[in-house]
Amino acid sequence: MTKMPNPRNRDIFKRLLTYVADLKGIFIISALALVAYAIVDATFLYLIRPFIDEGFAATPTPSIVDGIEVANTHGFKSDSNVLKIAPFIVIGLFILRGFFNFVATYGVSYMSTRVVETMRQQVFDHILRLPVSFMDKMSPGELISKVTYDTEQIARASGNTLVTLIRDGVSVIAYLGVMFSMSWKLSLCILIIVPLIGVVVSVVNKRLRKVSRQIQNAMGTVTAASEQMIKGHKNVLIFGGQKTESARFAKVNKYNRYQNMKLATVQAISQPTVMVISSLALGAVIYAASLDSLHDELTAGIFAAMLSTMLALLQPIKNLTRLNAEFQRGMTACATVFELIDTPAEKDEGTHEVERVAGDIKFDNVSFSYPEQEKLALDQVSLEVKQGRTLALVGRSGSGKSTIASLITRFYGELREGQIMLDGIDIHDYSLKGLRSQIALVSQQVTLFNDTIANNIAYAYPGEVTREQVIEAATLAYAMEFIERLPDGLDTEIGENGVMLSGGQRQRIAIARAILRNAPVLILDEATSALDTESEKAIQKGLDNLRRNRTSIVIAHRLSTIENADEILVIDQGKVVERGNHKSLLEQNGMYAKLYQMQFGG
Ligand code: ADP
Ligand code: MG
């Protein structure tokens with residue numbers, strides 16, 4: 001039952017053990033407590049016989065109390081001493097049982113919560129170091145479930161496995177010992193009959209469970225239908241879709257009830273069926289006991305003890321048969337977690353460190369394709385931005401502009417060909433942290449953290465940041481004007497991902513964050529595209545402040561925002577198709593001119 005079918009599982013298990021390697025003492029104490037627990041239970045079952053046989057002795061002699069003959073209620077003489085001690089023994093045993101149970105539960109929980117804690121932290125920290133290309137492939141839900149659910153699963157499964165293996169394993173052996181010590185003949189009968197019935201019960205049970213599961217799988221539609229309506233509430237109202245939605249829901253709702261009734265019926269049938277079949281075992285054992293050859297050696301106490309032990313055996317046996325499945329579940333969860341932990345982190349082999357670069361950026365014939373993709377996202381792109389200058393990238397969506405930004409920050413690894421240089425040094429020669437600290441990136445999606453505005457502006461700022469610095473950055477970003485109107489000013493909590501702020505306000509916080517960072521290189525990737533012209537004008541001043549004295553690469557959707565860039569590149573299908581400044585590009589009368597005319601209507 002406890003075999004480890006493949007060597008892979010053995011490796012995973014060995015690795016899992018390393019997480020509790022320093023908890024050997026607790027492991028041993030818990031294991032001992034589990035063994036003791038099982039033995040106490042067995043002792044209790046063993047004592048049933050003397051309690052009955054000696055407490056209500058089966059010798060039909062009249063008892064003599066103080067010389068007077070009296071018949072007790074059973075007409076039997078009883079050894080009242082046994083019955084007088086019995087309560088103390090019973091209570092004592094249960095106290096012991098409770099104590100061992102507490103020690104074992106505490107110990108096992110201690111170990112499993114430690115595993116969860118360590119593993120979670122490890123998974124979390126590792127995700128922080130994973131490359132963007134890996135995150136592109138994964139769904140956030142999948143990753144979150146690895147941090148929360150899978151780690152928990154591992155601990156629960158391995159805790160259960162441990163408890164079952166030790167406590168239930170010892171129980172079965174001890175119970176069998178109790179039975180055989182009383183009557184090996186009846187024990188043999190039981191050992192033949194019970195498993196036979198057990199097989200029948202489990203076959204019937206499996207079938208019934210399968211049916212229930214199929215029905216359960218068919219449910220869950222109610223959630224989906226409600227979710228659709230709740231999420232789309234506004235749309236339903238404006239299109240007057242109440243009737244449609246209500247009818248759709250009624251259908252799902254009714255179907256759900258049918259399924260529930262089916263499930264209840266199957267369950268209502270299954271329980272009594274299993275009970276009736278099980279009673280066959282009991283009947284067979286009682287019948288066996290009535291046979292002459294057995295009957296002679298059985299006393300009431302033995303028979304009662306045997307039946308109790310037989311019933312007591314069922315639970316640990318059940319647990320042991322489930323052991324492998326439980327263990328496999330734990331190993332599967334373990335495998336997925338280890339797989340994540342083993343995913344290579346971002347490559348970070350560069351060693352060049354520099355306090356502050358001047359900010360000369362150069363792409364030399366760069367070609368790049370995304371992992372597992374044939375198509376080139378960038379095709380022999382060359383560009384150069386000198387310190388303090390502004391380069392603008394324009395082009396249709398999907399042309400490769402953001403890819404250029406992602407390569408400068410080394411979000412993606414290998415280039416197909418070419419080189420990207422910062423201050424004349426290949427960016428791959430910088431340490432990742434060093435390189436990224438030189439760059440401020442403001443994009444269309446602003447990520448705000450569940451914290452105060454001040455802390456969001458100072459997010460991950462290296463070193464101490466003063467209040468004055470935050471205010472200065474917020475003022476330069478033209479964010480102070482709306483921050484001041486908030487109830488707690490800079491200390492306003494903005495809630496999960498800043499839901500209470502408008503797009504323009506979020507954008508200005510992002511700009512303030514970039515200003516505070518004071519990095520020599522600035523990348524604006526459609527930073528203002530989501531805004532209306534008015535907000536954009538307000539933010540533009542903030543952006544102009546941000547761009548001062550920095551090398552800037554500006555990706556813009558609206559051409560009006562980049563007219564005075566030092567150079568403008570038009571990108572199409574990963575290639576630079578035109579380059580020049582606003583004036584010269586208009587004169588070329590090519591793609592830029594066409595885009596310009598589209599936006600300004602002639
Ligand atoms: P732009 O920013 O100009 O709109 P992108 O640089 O985002 O364009 O995209 C350029 C091309 O690369 C597109 O064809 C896009 O489908 C592809 N692409 C962008 N990001 C990824 C990614 N993470 N994985 C695979 N392909 C991508
Ligand atoms: Mg883009």
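If you go along the chain as it appears here, the first residue is 1 and each next one adds 1.
The backbone N, Cα and C atoms fix where each Cβ goes, glycine too.
Database features, via TrEMBL:
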{"type": "TRANSMEM", "residues": "21-40", "note": "transmembrane segment"}
{"type": "DOMAIN", "residues": "28-329", "note": "domain 'ABC transmembrane type-1'"}
{"type": "TRANSMEM", "residues": "85-104", "note": "transmembrane segment"}
{"type": "TRANSMEM", "residues": "161-178", "note": "transmembrane segment"}
{"type": "TRANSMEM", "residues": "184-204", "note": "transmembrane segment"}
{"type": "TRANSMEM", "residues": "263-286", "note": "transmembrane segment"}
{"type": "TRANSMEM", "residues": "298-314", "note": "transmembrane segment"}
{"type": "DOMAIN", "residues": "361-598", "note": "domain 'ABC transporter'"}
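The stretch in 21-40, 184-204, 263-286, 298-314 that contributes the largest number of Cβ pairs under 8 Å to the transmembrane segment (161-178) is 21-40.
Tertiary neighbourhood of the transmembrane segment (21-40): same-chain residues 93, 96-97, 100-101, 103-104, 106-108, 110-111, 114, 162-163, 166-168, 170-171, 174, selected by CB-CB distance under 8 Å and a gap of 6+ residues from either end. Here the transmembrane segment (184-204) has Cβ contacts under 8 Å with residues 176, 270, 273-274, 277-278, 280-281, 284-285, 288-289, 293-294, 297-298, 302, 306, 310, 313, 317, 321 of the same chain, all six or more residues outside its ends. Here the transmembrane segment (263-286) has long-range neighbours at 186, 189-190, 193-194, 197-198, 200-201, 204-205, 208-209, 211-212, 215-216, 306-307, 310, meaning same-chain residues at least 6 beyond its ends whose C-beta is under 8 angstroms from one of its own.
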